[in-house]
Every structure is written in structure tokens, then in C-alpha cells.
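Participant: One structure is given below, represented as C-alpha cells, and several questions about it will come after.
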Amino acid sequence: MSEKKINLLDLDRKGLRALFTEMGEKPFRADQLMKWIYHFGVSDFDEMNNINKALRAKLNARCEIVAPEISSFQKSEDGTIKFAINVGQGQEVETVYIPEDDRATLCVSSQVGCALECTFCSTAQQGFNRNLTVSEIIGQVWRVADFIGFVKETGERPITNVVMMGMGEPLLNLKNVIPAMDIMLDDFGFSLSKRRVTVSTSGVVPALDKLGDALDVALAVSIHAPNDELRDVLVPVNKKYPLEEFLGGIRRYIAKSNANRGRVTVEYVMLDHINDSTDQAHELAKLMKDTPCKINLIPFNPYPGSPYGRSSNSRIDRFSKVLMEYGLTVIVRKTRGDDIDAACGQLAGDIRDRTKRLAKKRMQDSQISVTIN
């Protein structure tokens, strides 16, 4: 049996340099290779004309450049494109491309499903199968960039921002998320500014501390409730890492980070008559008073079987005005791609659930309804 080839998309620059050294080659060859892969979108070693023929033969024998394939895509009326990405064994994750006048953002998945059980999120209802590998994470960026079109003459890439806000909790897959983000930031990789790469978390505090020690990228935090009682229901990881502990981790991250410019983005999904009252707005403002932040209010995006509804524009407006009375910066997120189920909280993919989440959910639906009313 032939030896399995090394997928070079699984290696950041440090890993590639180590591989080239082990092959008896100069480490700078790794830099050349990365430029071909990430600047020009080349996956065929024989097209890399500044790499000598002997080294190309070695690479062909031992290595490969393989990104997961796009199974299908849907385009929204607003230009948003949702991609189904095949990660093997009949499973798919979803990746969303959001073009705007001054930027093009890609929302990337980190897991097949999600191990957390946020009750308003479609991904969470599908259960969890496994973590994505480095090549499956960075491969989403590479594959979509290839679909939209690398400008091979200049090395210009069609993606300016990446947000780790797709399927999964990124901080539960740090082993692979950190090297993937390293490649996004690397000058020989996708060469994105650290302020243009954002990782989102629901509050896995020990992993947040580890991330802060390893990497400096923008941070978005999923709060969604102004107190522990409600957050225990909406974001059950709160039972393990309650709000005060989470806020402490956020403040420690901000203290280490330059990418956040001294403040963090707070994500708060607006659920009709659940977390959107003016009293809850006052409570949220007081909760966040010692944490430098801007607050992103996200109108809830319904999905089939969801127990929640979207807050009305008038309730969102009142909630926003209360927060601004406290001097907080507030943004109401514009919904993108909801007509193709590509908006925040709607990603589902195709998952072989290892947690039996769907069966358990059916038993719990009525209990959740009683708890939140």
C-alpha cells in the first residue's frame, strides 16, 4: 500500500518549513510554495515555475494540495452566496460569501455540526459529528476564492475578511482553528489584516485564554442574554462558564489584543418577547459597563421548527435606544442571505449526528417553551 500523501493545506508556514527541511530543501521554498497556493490559487506543482524540477518531483511523490469540494451553491437576491462544502462520509458544512461595496466577507465553519446546544441556532439542532481539519477550514477560503476568481496576474484575492462564525464553536477546535487562522494572516498565505479575521465564541473561557496567548485576531462574543438565568436556557454552556467568568475572559483577551482596538464585538440575537424588553436592555447595559465593546443587535433568523420569533423593528429600536442612553455603540445588523437560509443562525449542512441531538430535542421542546415564558 502506498504511503498517504501529505495535504499541504494542513500545514502553516512553520509546518511547511519543517517539512522542506526534512526533505533536504531550503526553508524559503515553503514561502514560495505558499504564494503559489494562496496568492495565485495554484494546486498543481508542475505549474510552479520558480520551483526546480527535482523538487517538484519530490512534492508530487509525497504531497498533495486538496481542498474540500463545493457540492452546491445558492445565490441570494442580495448577492450573498451559500456554499455546501463536501467534507467526506456524506457530510457537508456550509460557508457563506457576503459581498459588499468595500469588502467581501467569508463566513467559515469550524466543526461538522456543533457540540453546544444554543436553542435559537439551526446548526445546534443538527447535533455534532467532528472537528474540521486545518485543510477543511482553510480549504473553505481557498475553494471559495477559486470559485469567485483569483487574479493570477497580480495575486489579488477576492476575499478581504474572514469571520469564524459558521457551523461549530471555533474555540472547541483550537488545535486546527489556530493554524488555519495563521495561514489567513500570513503574508505568504491569504495575507489578511488581523483586524479582518474575526473569531466568535459562545463562551468557552479556558480556550479563550489559550487563543489570546497564541494569536491576535478580532473577537466577537455571543452574549444573547443579560443574566445567567436566561442565558442558561439560550446558551447552555453558560451553566459551565457563567457571564461574570465569560466577561473576565473577554477583558483578559482585550488587554492582550491589538486587533480589537481596545474593545470587543458583542453579539445579541433579538428574540421576540424573550430577551428584547427595555428592562433587559437596561440590564444588558449595566452588565457590559466595565467591558469596552460595541453591541451588534442581530434580528433573529427563523428556521424550520424554531421555537422563537424575530423581534419587531419597534422592539429592536427601543432596545437599541436604551443601550445608547448608556453611551454604548450599537449596530443593528443588516440581515443578509435569509432567503437562502444563509443568515446568522440558519446554517445547517448535512451532519451525521453523534450526539443524538435531534431525538433529545424533540423530548425537550415543550420543557424549553415552559422555561422561557
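Backbone N, Cα and C define each Cβ position, glycine as well.
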Participant: Determine which of Ser200, Ser314, Ser320 appears in Swiss-Prot for the same S-adenosyl-L-methionine site as Gly168, Glu169, Ser222, Ile223, His224, Asn301.
Facilitator: Ser200
Participant: Are there recorded positions among Glu94, Gly168, Glu169, Ser200, His224, Asn301 that sit within 10 Å of Cys114 ([4Fe-4S] cluster binding site), Cα to Cα? If so, list them; otherwise say none.
Facilitator: Gly168, Glu169
Participant: Identify, in sequence order, the residues in the chain of Gly168 (S-adenosyl-L-methionine binding site) that are 6 or more apart from it along the sequence and have a CB within less than 8 Å of its CB; answer 'none' if there are none.
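Facilitator: Counting only residues 6 or more apart in sequence, the Cβ neighbours of Gly168 (S-adenosyl-L-methionine binding site) under 8 Å are Val93, Ser109, Ser110, Gln111, Val112, Gly113, Cys114, Ala115, Thr123, Asn131, Leu132.
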Participant: Rounded to an integer, what is the Cα-Cα distance in Å between Glu169 (S-adenosyl-L-methionine binding site) and Cys118 ([4Fe-4S] cluster binding site)?
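Facilitator: Distance between the two Cα atoms comes out at 11 Å.
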Participant: Including all protein chains displayed, how many Cβ atoms other than that of Ser200 (S-adenosyl-L-methionine binding site) lie within 10 Å of its Cβ?
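Facilitator: Excluding its own Cβ, the number within 10 Å is 21.
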Participant: Out of Cys114, Cys118, Cys121, Ile223, which of these binding-site residues shows the lowest number of other CB atoms within 10 Å of its CB?
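Facilitator: Counting other Cβ atoms within 10 Å of each of the binding-site residues Cys114, Cys118, Cys121, Ile223 gives the minimum at Cys118.
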Participant: Can you tell me how many other Cβ atoms are located within 10 Å of the Cβ belonging to Glu169 (S-adenosyl-L-methionine binding site)?
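Facilitator: Result for Glu169 (S-adenosyl-L-methionine binding site): 26 other Cβ atoms within 10 Å.
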Participant: CB neighbours of Asn301 (S-adenosyl-L-methionine binding site) within 10 A?
Facilitator: 22
